[in-house]
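Q: Just lifted these from TrEMBL, have a look:
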- 5-279: domain 'Homogentisate 1,2-dioxygenase N-terminal' (DOMAIN)
- 281-359: domain 'Homogentisate 1,2-dioxygenase C-terminal' (DOMAIN)
- HIS292: active site, proton acceptor (ACT_SITE)
- HIS335, GLU341: Fe cation binding site (BINDING)
- TYR350: homogentisate binding site (BINDING)
Amino acid sequence: MAGLKYMSGFGNEFANEDPRCPGSLPEGQNNPQVCPYGLYAEQLSGSAFTCPRSTNKRSWLYRILPSVRHKPFTPMSCGDLTENWNEVEPDPNQLRWKPFIIPKSSENKVDFISGLHTVCGAGDSKSRNGIAIHMYTCNTSMTDKCFQNADGDFLIVPQQGEILITTEFGKMMVEPNEICVIQQGMRFSVDVFGETRGYILEVFGAHFELPDLGPIGANGLANPRDFQTPVAWYEDRTVATGYTVVNKYQGKLFSCQQDFSPFNVVAWHGNYTPYKYNLENFMAINCVAFDHADPSIFTVLTAKSTRPGVAIADFVIFPPRWGVADHTFRPPYYHRNCMSEFMGLIKGHYEAKEEGFPTVYVCAYAYTCTSAHIYMYMIVVTRNSVGLFNKLQLRVSVLLDNKFTKTRVYLLIKF
């Protein structure tokens, strides 16, 4: 969207104020007795107060009305959203889902929240360890409604249709082949411009970080300067008919009412923010002699576990690139992985089994822990069915692989 501005960097200490209210950011302290313009100071924490400085996450928001001014939360229907992995029996076979159909707006208006469908996952939000993978299909913007995830972070991957995300920190336009991260506790609303679909990776108990580069050196993969954080924007709007705040808490949905827009933050500063990233900016490292390098060299973001070298989730892409290995089997090697895998198509078609998907874009595939695969043989499961896998230590990747051309883009999630 023309006119949207962003600040560059990953995990930076940002400070920004809406230009309509110059001087709204307090100087020299976080919580003055009287804030400029009579604003309320409110801290949003993304980590424990006593976390080491290098991992301490928090932002101070200066808003027209405080978030606490709302009516009590009450339970609401979760629809197809779940983290009860015992709803179906475990299945060690290779699996494939037909595309999730986007409802026609003329038949049924579906917004981002009501269009969430859980596909698979492991662990749970109560123990703060694990992930969930969702699809979203929607055709209508969220009107006088916002969403807050108290369970973890959302990494959103649009596949069809751009989405305009309004957050307490500002606005972001996210298009296919871009990703965005909405971190735990941040309120946001999604506007769409037609039939819209995409993937969501949700992580519990950790935040995404840039991976260490090791012998690669100081540069490469996803460079920090290419991540974008929105600038401050606010609306001072009373909603007499009621504004709905939907809260995801311990895997369930709750809603409350208030009479004002939550996007009333005039200024903010801190290092706990939403952000987006264009996957075209990923600087790929690849083999130039023989064999295939392990896919860890394509990691964009990682959510680390407490076990060194093992992640709760890795977000990895394989972008269009030259494959020049000599005397090497061209496709990825036959594989049995100690971590399960989930792959989805972003654009193009799936060449391993084209007769099943001759014209469609989105479909999803899953290979459970140690199941043999080479992205070829899969079992077709019913559209919108739920495949759930009981595995606590997970790894997630997104595969963007052109094979021999630059027309196909895949999303692969390994877990």
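Including glycine, each Cβ sits where the backbone N, Cα and C put it.
How buried are the listed features, and what sits near them?
A: The average pLDDT the prediction assigns to the domain 'Homogentisate 1,2-dioxygenase N-terminal' (5-279) is 95.
A 10 Å cutoff on Cβ-Cβ distances gives HIS292 (active site, proton acceptor) a total of 15 other Cβ atoms nearby, all chains included.
Of all Cβ atoms in the protein chains displayed, 25 besides its own lie within 10 Å of the Cβ of GLU341 (Fe cation binding site).
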Q: Rounded to a whole angstrom, what is the C-alpha distance between HIS335 (Fe cation binding site) and HIS292 (active site, proton acceptor)?
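A: Here the two Cα atoms are 12 Å apart.
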Q: If you draw a 10 Å sphere on the Cβ of HIS335 (Fe cation binding site), how many other Cβ atoms land inside?
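A: Within a 10 Å radius of the Cβ of HIS335 (Fe cation binding site) lie 14 other Cβ atoms.
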Q: If one measures from the C-alpha of HIS292 (active site, proton acceptor) to the C-alpha of GLU341 (Fe cation binding site), what distance in angstrom results, rounded to a whole number?
A: 18
